[in-house]
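Just below is one structure, and these are the notes that go with it.
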Amino acid sequence: MAGKNVEKRDNQTLCCSFCGKSQKEVKKLIAGPTVYICDECIGLCNDIIAEEIDREETKDTKLRIPRPSEIKAVLDEYVIGQERAKKTLSVAVHNHYKRIESKVAMEDVELQKSNILLLGPTGSGKTLLAQTLARILNVPFTIADATCLTEAGYVGEDVENIIVNLLQAADHDIERAQRGIVYIDEIDKIARKSENPSITRDVSGEGVQQALLKLIEGTVANVPPKGGRKHPQQEFLQVDTTNILFICGGAFGGLDQVIERRMGGRSLGFGADVQSKKQRSLTELLKHVEPEDLLKFGMIPEFIGRLPIITALEELDEAALINILNQPKNALTKQYRKLFELDGVTLKFTDGALKAIANEAIRRKAGARGLRSILESAMLDVMYEIPSRKTAREVLISEEVILKKSEPVVLHAQPEKEAAEPKKESA
């Protein structure tokens with residue numbers, strides 16, 4: 001009888017006790033007392049256990065707060081120049097997370113959050129600074145575009161969607177999200193249209209500033225789990241923004257004129273006016289920004305008060321842009337050299353080529369952000385051809401390639417025709 005039972009069992013199609021898949025649908029089926037489990041379910045169990053362990057470790061591990069000098073040292077690896085801005089950010093971020101991690105009861109002193117406002121022209125490194133800070137601290141990070149935000153109830157993105165995006169960056173871990181960093185770009189674009197309050201509704205300007213106030217200062221935001229608009233039947237996640245660091249950035253075009261008027265730059269006399277403009281560059285003027293200047297620009301007083309740390313980034317000159325091309329860990333020339341190296345080709349740039357790239361970026365007023373598009377345009381053809389040129393060993397990018405769209409010099413191990421002849425004979 002026992003033998004017959006075994007034979008009957010062998011003839012049966014066995015199935016996984018967890019997912020129900022048959023032994024024919026999976027790679028392995030492991031038998032236990034009265035149960036079976038397939039390789040797919042084992043893999044899923046391993047993933048669940050690993051995720052739980054990681055989450056517990058994240059909760060138990062106290063955030064290590066780097067010293068300001070350590071933060072700046074890492075910023076130096078990715079951001080060229082902007083020394084004062086990097087020092088200011090390093091101190092502000094260190095103090096912010098020290099405030100969060102402090103377990104000492106401070107009944108007599110309340111440490112307030114210090115959000116940051118970055119002023120500077122396009123391509124000066126505002127976004128890169130914020131991204132690098134988040135990487136140093138290993139905290140969730142998200143970027144929001146202020147021009148897409150509108151007041152609640154109007155077409156556009158609600159300000160709460162910023163927190164939804166941060167929550168997604170934290171893999172929906174609310175505790176991690178509540179220690180994250182939010183960078184709001186183009187903040188100058190939500191300035192109200194005039195210095196005086198208007199009776200008409202400004203849903204994408206002053207209205208957005210008002211909506212951002214509580215979020216930046218610290219509030220418990222009710223956010224929909226999957227983003228989008230709120231509706232009454234929906235369940236909400238509660239996220240406390242008290243310990244989220246908000247960094248706002250913008251070019252603030254025209255703010256220099258406001259500062260210059262306050263400082264008496266437009267003094268009487270034609271000659272005095274010209275002299276003041278020569279002496280005071282945009283960078284120099286932005287260094288002297290005061291809250292009253294931002295008020296005249298169109299930011300509301302309450303919003304300015306939520307961003308106590310204001311730092312200006314410098315305009316990037318030719319030397320700075322050349323250094324950006326060469327020095328950082330993620331320098332563009334290093335990236336392109338690595339791409340060519342994967343095809344067995346050495347890529348070289350002449351000094352004239354680097355100067356031409358930097359000057360073209362200055363001419364376009366694109367700053368460091370414009371460097372990649374200039375390089376891509378100049379090198380498109382050679383990047384298209386090199387993978388097909390098996391004998392190519394070296395590519396030289398000269399000034400003429402950038403300015404006159406000339407062909408780069410390509411050196412071969414042997415003439416291409418000679419390399420192709422043996423193939424013809426063998427054929």
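Each position is counted from 1, following the chain as shown.
Cβ coordinates come from backbone N, Cα and C, glycine included.
What Swiss-Prot records for this protein:
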BINDING   Cys16, Cys19, Cys38, Cys41  Zn(2+) binding site
BINDING   Pro121, Thr122, Gly123, Ser124, Gly125, Lys126, Thr127, Leu128  ATP binding site
DOMAIN    3-57  domain 'ClpX-type ZB'
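Shown are the binding-site residues Cys16, Cys38, Leu128; the one with the most C-beta atoms within 10 angstroms of its own C-beta is Cys38. Apart from Pro121, Thr122, Gly123, Ser124, Gly125, Lys126, Thr127, Leu128, the ATP site neighbourhood in this chain, defined by C-beta within 8 angstroms of the site C-beta centre, holds Gly120, Gly249, Leu313, Gly367, Ala368, Arg369.
For the domain 'ClpX-type ZB' (3-57), the model gives a mean pLDDT of 77. Taking the mean position of the Cβ atoms of Cys16, Cys19, Cys38, Cys41 as the Zn(2+) site, the remaining residues of that chain whose Cβ falls within 8 Å of it are Ser17, Phe18, Gly20, Lys21, Val26, Leu29, Tyr36, Ile37, Asp39, Glu40, Ile42. In this structure the C-alpha atoms belonging to Gly123 (ATP binding site) and Cys41 (Zn(2+) binding site) are separated by 49 Å. In this structure, the C-alpha atom of Lys126 (ATP binding site) lies 54 angstrom from that of Cys16 (Zn(2+) binding site). Ranking the binding-site residues Cys16, Cys19, Cys38, Cys41 by the distance of their Cα atoms from the Cα of Leu128 (ATP binding site) places Cys41 first. A strand conformation is recorded for Cys38 (Zn(2+) binding site) in the three-state DSSP classification.
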